[in-house]
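Quick notes on the structure that follows.
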There are 2 protein chains.
Amino acid sequence: MSETTSDGPRPVGPASPTATAGPVSPGPSPELAARAAALDAADPLADRRKAFVLDDTVYLDGNSLGALPAAVPGRLAEVVAREWGELRIRSWTESGWWTAPERVGDRVAPLVGAAPGQVVVGDSTSVNIFKALVAAVRITEGREAPANAPVRDEILVDAATFPTDGYIAASAARMTGRTVRPVPMAELADAVGPRTAVVLANHVDYRTGELHDLPGITAAAHRAGALAVWDLCHSAGALPVRLDEDGADLAVGCGYKYLNGGPGAPAFLYVRAEHQGAFDSPLPGWNSHAEPFAMAAAYAPAEGAVRGRVGTPDILSMLALETALEVWDGVDIEQVREKSLALTDFFLECVAESVPAGRVGSLTPAERERRGSQVALRCPGAERVMGELIRRGVVGDFRRPDVLRFGFTPLYTSFGDTLRAASVLAEVLAEVLAEHPAGG
Amino acid sequence: MSETTSDGPRPVGPASPTATAGPVSPGPSPELAARAAALDAADPLADRRKAFVLDDTVYLDGNSLGALPAAVPGRLAEVVAREWGELRIRSWTESGWWTAPERVGDRVAPLVGAAPGQVVVGDSTSVNIFKALVAAVRITEGREAPANAPVRDEILVDAATFPTDGYIAASAARMTGRTVRPVPMAELADAVGPRTAVVLANHVDYRTGELHDLPGITAAAHRAGALAVWDLCHSAGALPVRLDEDGADLAVGCGYKYLNGGPGAPAFLYVRAEHQGAFDSPLPGWNSHAEPFAMAAAYAPAEGAVRGRVGTPDILSMLALETALEVWDGVDIEQVREKSLALTDFFLECVAESVPAGRVGSLTPAERERRGSQVALRCPGAERVMGELIRRGVVGDFRRPDVLRFGFTPLYTSFGDTLRAASVLAEVLAEVLAEHPAGG
């Protein structure tokens with residue numbers, strides 16, 4: 001565990017398993033309340049909140065499921081009533097359903113620093129990781145290598161990865177005759193070697209919120225002749241991602257977290273232009289065929305990102321995501337990053353001020369350049385604490401064994417929300433610890 | 001091409017490439033109109049039509065995209081506004097999102113003759129074919145074989161299969177060290193041998209509408225020690241399917257055709273109970289883990305059909321499908337079959353009466369036991385003919401090079417619709433052939 005401290009004036013401090021009950025929190029100080037009000041008044045993204053359906057809840061779980069964009073219900077009703085209900089089959093051409101995976105992909109592209117034609121939307125993140133890893137292994141197989149070069153028989157995987165990445169990597173390795181080697185992110189750049197085919201890494205750690213060095217690790221992979229596949233689930237829409245500029249080979253990401261596409265929204269797959277010709281999918285469904293309606297017996301892949309498609313795309317969810325992406329129109333992702341850091345700074349500061357020292361420890365790096373858009377706090381009784389927070393209108397989530405996750409979505413989270421979350425957390429911790437002084 | 005004739009009093013007859021222009025069709029005979037009215041009046045499923053949003057169009061493309069069930073728009077609006085918009089992340093438990101793939105699977109199960117606990121919904125048909133084929137190969141690998149038995153190194157695939165099945169089979173074969181051998185369905189039962197690992201076959205041919213012998217081919221596969229994987233895309237919801245009774249090992253099917261789940265609705269996967277313990281998925285995403293929220297580094301598969309899950313399920317489309325399945329409440333699939341055959345009989349009879357002999361040929365078997373729920377007609381200029389049909393409110397679809405497909409969905413297609421379709425077809429054929437006597 002990499003315990004870190006906040007950037008605020010007082011350290012959050014490490015969790016103490018022997019913490020004893022303290023007084024009920026007196027609520028936020030007038031100074032913090034004034035700071036929150038001033039920060040909100042100066043927030044250039046404050047008006048984006050109107051683009052979402054929100055209520056009195058402080059919703060800090062947009063890193064798991066983004067809030068509902070206000071335009072989605074109307075658009076989805078139209079898709080159902082008009083495009084499906086009236087036009088029916090004609091909508092595949094007349095309503096642009098057939099080309100939606102590439103069109104929505106091009107809408108995601110600017111958020112991940114990709115020029116058009118390299119992102120396609122569809123299937124789940126897990127399925128896209130499988131496509132990306134197998135295709136990446138095959139690209140390295142297809143390259144000319146020096147006569148005495150060892151076989152590139154290993155896939156390096158972030159040892160702290162979100163589990164599905166590791167499970168799918170193991171399957172991709174098994175099916176391509178490779179092995180998986182888990183490596184801590186901090187050692188990944190040094191671990192890449194002549195036997196490495198592919199590195200699979202998370203841009204932001206789902207648990208700790210740590211932001212990893214995408215350009216540095218990608219460059220290390222390339223120096224060793226390997227490819228880098230990035231999981232952007234916790235960075236796309238949360239902070240600037242520069243896939244083209246930083247040389248990423250392939251990437252996948254989630255449609256339902258910071259992109260607000262709705263529960264189980266389709267994921268996206270980035271295939272760098274220079275790799276598209278060699279992208280050899282393990283899931284060559286008819287939607288990726290060069291001429292799908294020729295119904296040819298032999299497979300011939302289409303050109304471009306469409307090669308990453310598989311079967312018939314899930315239109316209702318795809319078009320919900322397309323509409324959800326409209327909230328990004330005119331938004332500067334650098335401003336989003338600035339606000340995200342200000343929110344997480346402020347949250348850590350408020351927690352440090354409201355929560356007695358030693359009650360919680362932060363897993364999230366204090367250094368801004370190593371922080372994504374969430375704060376992960378450890379405390380005894382975390383599951384119970386999160387249940388109480390949710391009951392009191394502050395929604396984050398719990399991750400075993402003792403982690404409270406708070407995701408900060410700059411498009412709709414205010415500094416006032418942030419202060420309230422910290423204050424309610426302090427209240428709950430005081431009460432829970434009063435009942436169970438040793439935690440639990 | 002297996003040209004066949006209708007069961008009606010006059011043969012539809014083979015298409016003639018040298019057909020010459022005939023007179024404009026005079027419209028249906030009073031006798032046929034009276035027959036259609038009488039059949040509709042006696043139809044025990046006639047009231048099901050009210051469960052769908054329909055207009056004046058004669059929609060005969062439910063074999064490609066089912067019509068909109070009337071209950072879906074309201075339910076989807078509720079899912080979006082209440083479950084996503086208000087409850088947000090809490091809906092994974094409180095709204096039953098997490099268990100939807102199995103729950104909706106159990107709703108599909110009776111339509112395919114499966115006892116509960118064997119069907120899971122999610123991902124596209126293509127992705128499910130990949131899971132089923134790789135898992136089936138691994139099941140045969142895991143079995144004890146006699147000392148001198150040859151390696152089961154081939155996957156037999158219906159030679160006329162919908163293309164995606166063949167493409168995915170080729171990938172599954174490549175990734176498991178097998179080869180694919182395409183075999184015409186009529187020869188499949190005899191072709192299965194000691195080297196066969198798996199047979200992948202279509203229950204109903206997507207192009208001709210021919211119904212294949214699921215129990216016979218499955219039994220032949222079993223006699224040879226192989227497994228049978230069935231593609232039910234064109235049979236589930238169209239006619240009785242008896243997976244449990246007929247011994248099918250694995251099966252996949254489509255949510256958006258006869259199940260009316262909406263464009264790109266998730267597909268379903270059937271894993272026979274006796275194979276679930278050995279079902280070793282090539283896509284072991286975190287949703288199929290025994291303890292998904294343990295976030296364990298090592299994969300351990302869940303028990304049961306849930307083992308067929310992969311990543312986060314697509315909730316909007318999944319719940320649209322769940323609601324769409326309500327139209328089956330109280331419906332007897334044997335009645336559906338009886339009406340389906342009556343509709344296709346009647347259509348062929350009307351075509352035979354309205355269309356001058358020699359103008360179209362039927363690809364669909366005349367024998368009821370070999371017919372699914374569609375009629376495929378060949379004629380010169382078929383693409384243009386279908387365009388005109390659609391313009392005149394009769395929606396089927398065109399498949400290259402010269403096939404008109406008409407799908408009959410007994411829950412919402414009437415005999416009056418059927419007669420109108422045949423009459424408009426006769427009109428269009430007369431006009432198109434008048435302009436282009438040699439076809440085109």
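In case you wondered, yes, glycine gets a Cβ from its N, Cα and C as well.
Automatic prediction, not curation, is the source of TrEMBL annotations.
The DSSP secondary structure for A:ASP231 (pyridoxal 5'-phosphate binding site) is strand. The annotation pyridoxal 5'-phosphate binding site is assigned in TrEMBL to A:THR125, A:SER126, A:PHE162, A:PRO163, A:THR164, A:ASP165, A:ASP231, A:HIS234, A:TYR256, A:TRP286, A:THR312.
Feature annotation from TrEMBL assigns N6-(pyridoxal phosphate)lysine to A:LYS257. Within the same chain, residues at least six positions away from A:LYS257 (N6-(pyridoxal phosphate)lysine) with a Cβ under 8 Å of its Cβ are A:GLY62, A:ASN63, A:SER64, A:LEU65, A:GLY66, A:CYS233, A:HIS234, A:ALA236, A:GLY237, A:ALA238, A:GLY407. Reduced to three states, the DSSP call for A:LYS257 (N6-(pyridoxal phosphate)lysine) is coil.
Under the heading region 'Disordered', TrEMBL lists A:1-30.
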Fewest other Cβ within 10 angstroms of its own Cβ, chosen from the binding-site residues A:THR125, A:THR164, A:THR312: A:THR312
Members of the recorded positions set A:THR164, A:TYR256, A:LYS257 whose C-beta sits under 8 angstroms from chain B: A:THR164, A:TYR256
Collapsed DSSP category at A:THR312 (pyridoxal 5'-phosphate binding site): coil
Nonlocal neighbours by CB distance (under 8 Å) for A:TYR256 (pyridoxal 5'-phosphate binding site), same chain, sequence gap 6 or more: A:LEU65, A:GLY66, A:GLY262, A:PRO263, A:GLY264, A:ALA265
A:THR125 (pyridoxal 5'-phosphate binding site) - helix vs strand vs coil (DSSP): helix
Residues that sit under 8 angstroms from A:ASP231 (pyridoxal 5'-phosphate binding site) by C-beta distance, when 6+ apart in the chain: A:THR125, A:ILE129, A:THR161, A:PHE162, A:ASP165, A:LEU200, A:ALA201, A:ASN202, A:HIS203, A:ALA251, A:VAL252, A:GLY253
C-beta crowding around A:PHE162 (pyridoxal 5'-phosphate binding site), within 10 angstroms: 21
Whole-number Å value of the largest CA-CA distance among A:THR125, A:SER126, A:PHE162, A:PRO163, A:THR164, A:ASP165, A:ASP231, A:HIS234, A:TYR256, A:TRP286, A:THR312, listed as pyridoxal 5'-phosphate-binding: 31
